[in-house]
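Colleague: These came from TrEMBL, pasted as-is:
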SIGNAL    1-18  signal peptide
DOMAIN    31-119  domain 'Cadherin'
DOMAIN    120-234  domain 'Cadherin'
DOMAIN    235-343  domain 'Cadherin'
DOMAIN    357-471  domain 'Cadherin'
DOMAIN    472-577  domain 'Cadherin'
DOMAIN    577-683  domain 'Cadherin'
DOMAIN    684-801  domain 'Cadherin'
DOMAIN    803-919  domain 'Cadherin'
DOMAIN    921-1042  domain 'Cadherin'
TRANSMEM  1143-1167  transmembrane segment
Amino acid sequence: MTWRSLVLLPFLLTAVSANTAPLFNMTVVYVPEDLEPGQYAFQLKAYDLDGDQIIYTISETFYFSVDGLTGNVTLKNYLDRETQPRLTMTVTVSDSINAAVSRKLTVIVEDRNDNAPVFHNLPYEATIPENTAVNSTIFTAFANDSDTGDASKVSYSIEEVIPDNTTNYRLFYILPNGKVILSGSLDYAKNTFYQLKILAMDSGGLLHNQWVIQKSWTYLSLTIRDVPNLDPRFLQESYSGSVPENCDLGTIVLTVTAIDRDTGVNDEISYSITNASVPFVIEPETGTITVSEPLDREQLPSEEVLLEVKAREKNLDIYGKVAQTSTLVTILVTDVNDNKPQFYHCSLPSCNFSTSAQNNFSGSIIEHSSSRLPVSNLSVVAHDPDKGINGSFELYLQGPNASAFIVSPSKIVGTGEVQLLVQNPVAVDYEISHVMVVQIVANDTGNPTDCCSTATVTIDLIDTNDHIPEFPQSTYYLSVMENCDDGTIVTPNITAYDPDSGVLGQITYELLPETIRKIFMVNATTGAVLVQNGSLLDRETRSIYYANLQAKDGGNLVGTTLLEITVLDANDMKPVIISSYFISVEEGQNVSTQIQAIDNDEPGNPNSQLGFRILPGPFSENFTIEVTGEMHSKEPLDREALDDERGQMVVTVEAYDHGVPQLSTLENVTITVGDINDNAPMFLNQSYEFSVFEDSPGSPVGQVEATDADQTEINSRISFLLERSSGSSNFLIRSLRLGIGNYSGNLSVDPDTSLDYDTMQQKFFSLVVVAENTAADQVGDRTSVTVVVHILDVNDEPPTILPPSPDNIHVSENGTQQGLVLTLLASDPDTNHSLVFEELAVACSKGGISAGEVCWDWFLLTPNGSVLVNSSDIDYEACDTVDITLRAEDLYTEKGNRYSQNETLRIHITDVNDNVPLFLPISETFVVVPEISPVGLQVATVKATDADSGMAGTITFSIASVMLLEDNGANRTLENLFKADTIEDKGTYIGSILVASNLDSSLKGQYQVTVEAQDNDPPVHTAQIVLNIFAVDQSYRVRLQFVSTVDEVQSNSEDIKVALTTATKAGVYVAAIQSVEETRASQVEAKSVMEAYFVYSNGTALDANQLSVLIQSDPQILAELVNLGLAVIGPGEVVKASKETELIGIIAGLAAFLLIFILIMTLVLVLTTKSYKRKLSAMKALKAATTFSPAMAQQGAGIPGTNQYNAEGANPMLNLSIDPSHDLGFHEDSVSVVSVNSLDENKVNAPGDYNLKDKLGKAQPTDHGDEEVLVAALNQKEPTKTAYINSTFTTTDL
């Protein structure tokens, strides 16, 4: 039977695949949290290999909605990554044909910069000493940002510093880690408090597709604590006072006061005078300056004594140095008339009065000089060092010749030149006396005890001739205006008469004395008197000039006349105010002072007549001045009415004359008003009400504020204290200076006291706060105010939830119940509370077993306790019990636990018939052998489930239709061939497909059976599945002839079937066992025949030739079957033919055999040559293949039906996946397909073939359950149990 190896028997089985469900492989998507509702979020993408329309649904309907056709998902509600960074939804895709496919899809919420930094541990407050070192860390701020990445990186800056941001902005800076650094020096005297506006800013991020930087700010309050680092300060920048000369020792001049600028320290201060050799001392403790030595104004370098007064604190400052300051004190030593006038030999203005005074003078005059002619060569100046009116004195003459002369002027103020004038010319006679002596007496009428000085003047008389030129008048009274121009004519001519004639009678004129010629000149010929130097004419220096107009004749005889030239006054001297005026007075007193002024213009003339007035100014209305210059205040002075810190009132007084043009002098009169403590503190409010929480030791309660109108620091200081009363011991009050005369009392709870609201009968305290002036000497300088402090309850009790009954809450699935499910109730014993409900967890269970996260979004718990249906996708089949763990939160809780105990709300889901039966996937192939399939035989099974419960989930199977798909392509519908029985096993319903009537064994093809599953509760749902049942016809019946008897074969039938199954790996279906007599004759001596079918699970079957090959390929099995009596394998008997028919068949067969034999021999001859060449090629290919691992094998498709390959080195002996275009559909999956090439000469059974394992590497044991069963069986011809796969091998099936 060697010819059998050359004959191929074609088979064609058509595999019909069922419609496949869609594929959905998405597991995660990303959505930005700043997406607006209604915007596109992402797209669901599923694939259907059949091209069916896909419908999309999602379980998450609170945040998203989906377009069922496109899969586009849009946002419904705002997302917040910080609250919920990810969502899990169930995505269901359906092609409306197969069962819907559901997958879990994770939605990652991408962060956006939607959160600003948040400061922690507010409020920010700190107290630092004013001597804190520069670059010290004074505070650390911390803010975090709940965003991620750069958007969570927080940086800090200081935006503003209060007060005086311009000056103080650079006083502080902040580091990136939030540490606030002091970059400058602090000064308690400048600022006791700073407020820093701190800005926290993240590094920016996207928000709504724009780069956004989020910011937030808070204030840091810094309180500066005073330290002794400042020098003291005098209350006035400078001091001034006055004291009369010659006053008693110990006379008080004035008092200076200094204060410690470190108001929080207030050290003791001592005073001292740093000047050396001054006639004053100072009291170290009080600052009072007194006279220590006799005062003589005239002996002092100046009438103003300048003192440097130093104030020194008792203790050293923080730097270990003495804290001190100094000020200038000006003391005016006023004049007392204690000096008499003295005489000096000099001429103004070159006199030096520091030299000794003189008592003897000399001069000369011509005898018989005219009356009021001055004595020549006499220089006398009288001087009184006293000031002003005290320096005024009178002059008169005494002595033996006093009647012949008069003194001019008769009265001098201070200093003046003195002249002796001839009063009686007759008495001035050379012949009587050559020398005349007079005494000039200077009498100070204001000093009667030591009033006078005397100067003796010796006058030498000059002799003359008898005939002298004579003037008509002995005296000429002339006048000239002071300060007139040079050359001004005083008089046009004065003519003298001389009786002498000739040269002796010629007269020339000359002015005498020579000193007068500096001022006046005379025309020597005409006698006209003119002004020589008008700038020397100053009436205030000298009002009358006396000159001798000398007429000299040719004989040098001289006649004289007296010229009395009066200098007329011009208003060229403005009034002079004597002294400076610095007046100190305590407030509440009147001020009166005399303004002294003089005018050196001509007395009695309007030019010297003085008047006084007060110029308009801030204080001009407070004072009035008399014509005499007496200035006094209109009413007592009030220090608090003054804005000046030193308490000074400056009034400008004008002294004016009545001349033309009018001249005046201004003088500032400074009145220093000393402050006295005449004002009591005053609260800004009539009463105060504050509140503070219970159990808050040391907490601030409130601030009262009071002012004191006194203007000095010491008189306006205020301290606060609590009067003893019920509950006052629970509080403390601290005084704080806000400004001059402005203090606050900061009331706080005693740190050692804890107030309990619940134990208090009255929920408030009524306190009395007293504001007291620390400088007050009497009790009246204090005031009080009532402060009511209310104690507030602290929310410190947790809320309690009133849970509902656990079995009374039911909700139907599929959105049949909407809206409110129930409202939860909670209570809180605190007086002030705000309760909200919070969902902590959701547990989903089905039948007491966890159902994962399927129900997480079915219900919504609102803050007010309402439980709402939140989804229309509630599914009983996924979850029948929802347990919501929740709690209540008191938003107003200030202390203790703000949450209630966790409670569980159980919601039962009620089932409705909303699920269609679902067929479970079928993995096996169903085969039926009609000939041996009796009625009632089970030929196939189906399984289905229904997620509903009760009758809605009960399934009944039935046969909807049966169609035969014949091998020739014809289709026809059959009825009543099959039936279905239903059983239930642990919730799964099994449908057994049974033969309902006898099957026709002659039909070739497959049955397409439509099975329908139906539930049993309205509305009724059905589902169908199509089964393909392959029919094995009689052509595959194999006839096995045994030499054993029928009984023996029957007794050994099981062993025979086992051996056959082992050899073929196929199912053995025995159709009949009968004696050989009952069958047609056989060439062997067979006694019995077994007719059987060999069918694989994929519907393929073996014929006699294939069975013979498989059995012969396994010698062990062949030997076993021979022992069991197997003799011949042949095709089964289908129809019993007649002898005539057999004879005709034999003849025809022999003829055909002869023809075929000739063809075969011819073909063998041709193929032998080709086979040899092919074997050589195969050996080469095998040799090449052994050098490659399967992974290195070149790829290349085969040419169907040949052993030619389009890739060099491809070896047909190494199996590859079968080309799908040649797949006959006999296999269950593509991985198991292996087949034999039609040209089996390519198999080279060389001895070395068994060493391929060593050459090719890893070997794979043959698993005939995974390979195509027929090929696997045929491959058993070779004894080797190892197979190798070459991925480039392709062949055609049988």
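Just so you know, glycine gets a Cβ as well, placed from its N, Cα and C.
Unlike curated entries, TrEMBL annotations are predicted automatically.
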Colleague: Give me the stretch from 31-119, 357-471, 684-801, 803-919, 921-1042 with the greatest number of Cβ pairs under 8 Å to the domain 'Cadherin' (235-343).
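Modeller: It is 357-471 that shares the most Cβ pairs under 8 Å with the domain 'Cadherin' (235-343).
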Colleague: Looking only at the domain 'Cadherin' (357-471), what is the mean pLDDT?
Modeller: 87
Colleague: Counting by DSSP, what is the helix, strand and coil composition of the domain 'Cadherin' (472-577)?
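Modeller: Helix/strand/coil tally for the domain 'Cadherin' (472-577): 12 helix, 44 strand, 50 coil.
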Colleague: Just give the helix, strand and coil counts over the domain 'Cadherin' (921-1042), going by DSSP.
Modeller: 10 helix, 68 strand, 44 coil
Colleague: Give the residue counts of the domain 'Cadherin' (120-234) per reduced DSSP state, in the order helix, strand, coil.
Modeller: 11 helix, 57 strand, 47 coil
